[in-house]
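Below is one structure, written out as structure tokens; the observations come after it.
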């Protein structure tokens, strides 16, 4: 075990009995040979259960849909990448030369996948209870801020339901432009709706984020939101 990986383990708050699991969890498919995709698959499932179990116990009056939206907020790629950056996970990743040169160690999806892989690795190395303890510790500050007011449906869903209830055509989203390097792109999206003379627009670090912002502007233009 190198001093570098020992530093990462201190940040994670967990020391592996089988260090090879940690090395595998940090190995992107671009590196060649065995990679972390299977651990990512396992970690994704373990993470979803840990967060679901926590939310089920904490929000006893919450409906299924509310619990699902709270969980989605916690396990989405943006959140996972944020936590990965708190551990400086990018500097420990094993990437192929091309992926490294293109800034893959900063890419949100790669960081999020690596964090899920580490969760899967801890689960295999120590079992569910230890893994759950670590995950809840990493997510603690974010979990404490959750409340049922956070379960409102996202802007795209609300806009779609508003239009469907009035038997109107669904919104049309179009990417106007994509700017920046692959690891730090900015998407500019237009949303067109029958009945609104002007299209609304939104920008974000992904197409999904930009579409959500454009939908929010449409809700404001329609007078649904204030």
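Even glycines carry a Cβ here, placed using N, Cα and C.
Marked as domain 'RNase III' by Swiss-Prot on the basis of sequence analysis: 5-127.
When secondary structure is read from DSSP and collapsed to three states, residue 40 (Mg(2+) binding site) falls in the helix class. The feature Mg(2+) binding site is assigned by Swiss-Prot to 40, 113, 116, with sequence analysis given as support.
For residue 44 (active site), the same-chain residues lying six or more positions away in sequence with a CB closer than 8 A to its CB are 75, 116, 120. As annotated by Swiss-Prot, active site applies to 44 (among others), with the evidence given as sequence analysis.
Positions annotated as active site by Swiss-Prot, on the basis of sequence analysis: 116 (among others). In three-state terms derived from DSSP, residue 116 (Mg(2+) binding site) belongs to a helical segment.
Marked as domain 'DRBM' by Swiss-Prot: 154-224.
Neighbour counts of Cβ atoms within 10 Å were compared across the binding-site residues 40, 113; the minimum falls on 40.
The record gives 40, 113, 116 for Mg(2+). Within 8 Å of the mean position of their Cβ atoms, the other Cβ atoms in that chain belong to 36, 37, 39, 41, 43, 44, 112, 114, 115, 117, 120. Across the domain 'DRBM' (154-224), DSSP classifies residues as 27 helix, 20 strand, 24 coil. Across the domain 'RNase III' (5-127), the model assigns an average pLDDT of 94. A 10 Å cutoff on Cβ-Cβ distances gives residue 116 (Mg(2+) binding site) a total of 26 other Cβ atoms nearby, all chains included.
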